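Here is the structure we will look at, set down as structure tokens.
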Amino acid sequence: MKSTSKIYTDKDSNLDVIKGKRIAVLGYGSQGRAWAQNLRDSGLNVVVGLEREGKSWELAKSDGIIPLHTKDAVKDADIIIFLVPDMVQRTLWLESVQPYMKKGADLVFAHGFNIHYKLIEPPKDSDVYMIAPKGPGPTVREYYKAGGGVPALVAIQQDVSGTALQKALAIAKGIGATRAGVIPTTFKEETETDLFGEQVILVGGIMELMKAAFETLVEEGYQPEVAYFETINELKMLVDLVYEKGITGMLKAVSDTAKYGGMTVGKFVINEDVRKRMKEALQRIKSGKFAEEWVEEYGRGMPTVVNGLSQVQNSLEEKIGNQLKDLIQKGKPKS
């Protein structure tokens, strides 16, 4: 089992490496807004590249950030940061970035999908690197303003200049990540582990586990309201404990009955067959099969996603959850 021996912090990074360089942040959504403001507040020269003059354009202006059309933002940029959704990046690259960017400009990503699966093939004379914050954009901004930072991953795909890592760490410092710590990785590792986590636990796994547990109780005649509390609603409390204190801390916080039941039945439910299917899911990611399917799905208008979302919205557990929201919120203390 490999483990990194190096975590980069403020002392390993220097903003002077990119001072005076023009940075174009493409996109002004959750991450784009946070990055642009943090980099600006770190004393760097930042513009935002957008495809049209809409709400994001006006929001950037109100935040004191200069918005430009993408092709205008990249033509003079030394560093181009892609912070638009994965499936928009290839089209944006082909139509609005590649034809207009200046020779040798750096290409920066927050997720490795498009580079790893070769949907974007960068010029040979560009440094290509990634800084991937391990938190949503609003948290990246909130922590920065409070003097902290969200941890991040850093990876170098192309190092033509010989200074790609130094520039990547400077960007990481500019958004506040080095205040916490930046862990080195590769585009391959970040992409494959990110997709795996989303599919088998964070979105896919936990969603299906909650659904299966809820439906099992309801099918056996238990009230759906009670089933919802026991299989879905209480999950937040346990996840919060794991987040704050680790798995050991969570186990120490629950009852002895819960500990014994969890340690015995948990392995019965998540057994070797499940682990085998997890490995199969990982192989689909590593082979590129998932990426191929997702690109095709996206091109067809995402029918699987649309139909799946509709099924979830119309499910019994969702209806019960919506009915219980007022009850759940009623007991929360006023802040």
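Glycine too: its Cβ is placed from the backbone N, Cα and C atoms.
Residues or ranges marked as active site in Swiss-Prot: HIS111. Annotation for HIS111 (active site): spatial neighbours ASP86, MET130, ALA132, GLU190, THR191, ASP194, criterion Cβ-Cβ under 8 Å with sequence separation of six or more.
Within the same chain, the residues at least 6 positions away from MET87 (NADP(+) binding site) whose Cβ sits under 8 Å from its Cβ are TRP294, VAL295, TYR298, listed in sequence order. Residues annotated as NADP(+) binding site in Swiss-Prot: TYR28, GLY29, SER30, GLN31, SER56, ASP86, MET87, VAL88, GLN89, GLY137.
Residues or ranges marked as Mg(2+) 2 binding site in Swiss-Prot: ASP194, GLU230, GLU234.
According to Swiss-Prot, the Mg(2+) 1 binding site annotation covers ASP194, GLU198. Just so you know, the Cβ of GLU198 (Mg(2+) 1 binding site) picks up 13 other Cβ atoms within 10 Å once every protein chain is counted. DSSP assigns GLU198 (Mg(2+) 1 binding site) to a helix in the three-state reduction.
Marked as substrate binding site by Swiss-Prot on the basis of sequence analysis: SER255. Under the DSSP three-state reduction, SER255 (substrate binding site) is assigned to coil, being neither helix nor strand. Neighbour count (other Cβ atoms within 10 Å of the Cβ, all protein chains): 8 for SER255 (substrate binding site).
Per Swiss-Prot, domain 'KARI N-terminal Rossmann' is recorded for 5-185.
The domain 'KARI C-terminal knotted' annotation in Swiss-Prot covers 186-331, and the record cites sequence analysis as its basis. When pLDDT is averaged over the domain 'KARI C-terminal knotted' (186-331), the result is 96.
Separating the Cα atoms of GLU230 (Mg(2+) 2 binding site) and SER56 (NADP(+) binding site) is a whole-number distance of 41 Å.
Comparing the Cα of GLU198 (Mg(2+) 1 binding site) with the Cα of every entry in SER30, SER56, SER255, these being the binding-site residues, the smallest distance points to SER30. DSSP assigns GLN89 (NADP(+) binding site) to a helical segment in the three-state reduction.
The number of other CB atoms found within 10 A of the CB of GLU234 (Mg(2+) 2 binding site), across every protein chain shown, is 11.
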